[in-house]
Amino acid sequence: RRCFNHPSSQPQTNKSCPPGENSCYNKQWRDHRGTIIERGCGCPTVKPGIKLRCCQSDDCNN
């Protein structure tokens, strides 16, 4: 699997995930800087108030 891993509005970058990892995630929340977006491999557990989208195809988490 290949997932995007660039933060927020940075230029797009992606990375290959470890063998057996088939998910990518896009996690969003707001703080004093505005909306923060984190992307990567896997499908993490998040705290309430954080928007999480997980998907199962290459570069699906933009």
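The backbone N, Cα and C atoms fix where each Cβ goes, glycine too.
Here is what Swiss-Prot records for this protein:
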type: COMPBIAS; residues: 1-16; note: compositional bias 'Polar residues'
type: DISULFID; residues: Cys3-Cys24; note: disulfide bond
type: DISULFID; residues: Cys17-Cys41; note: disulfide bond
type: DISULFID; residues: Cys43-Cys54; note: disulfide bond
type: DISULFID; residues: Cys55-Cys60; note: disulfide bond
type: REGION; residues: 1-21; note: region 'Disordered'
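In sequence order, the disulfide-bonded residues near Cys43 (disulfide bond) (Cα within 10 Å of its Cα) are Cys55, drawn from Cys3, Cys17, Cys55, Cys60.
Listed disulfide-bonded residues: Cys3, Cys54, Cys55. The one with the lowest count of other Cβ atoms within 10 Å of its Cβ is Cys54. Helix, strand and coil content of the region 'Disordered' (1-21), in residues and according to DSSP, is 0 helix, 6 strand, 15 coil. Cys60 (disulfide bond) sits 11 Å from Cys41 (disulfide bond), taking the C-alpha atoms as the reference points. Its Cβ placed at the centre, Cys17 (disulfide bond) has 18 other Cβ atoms within 10 Å. The Cβ neighbour count for Cys24 (disulfide bond), using a 10 Å radius over every protein chain in view, is 27. Cα distances from Cys54 (disulfide bond) to the disulfide-bonded residues Cys3, Cys17, Cys24, Cys41 are smallest for Cys24. Between the alpha carbons (Cα) of Cys24 (disulfide bond) and Cys41 (disulfide bond) lies a span of roughly 4 Å.
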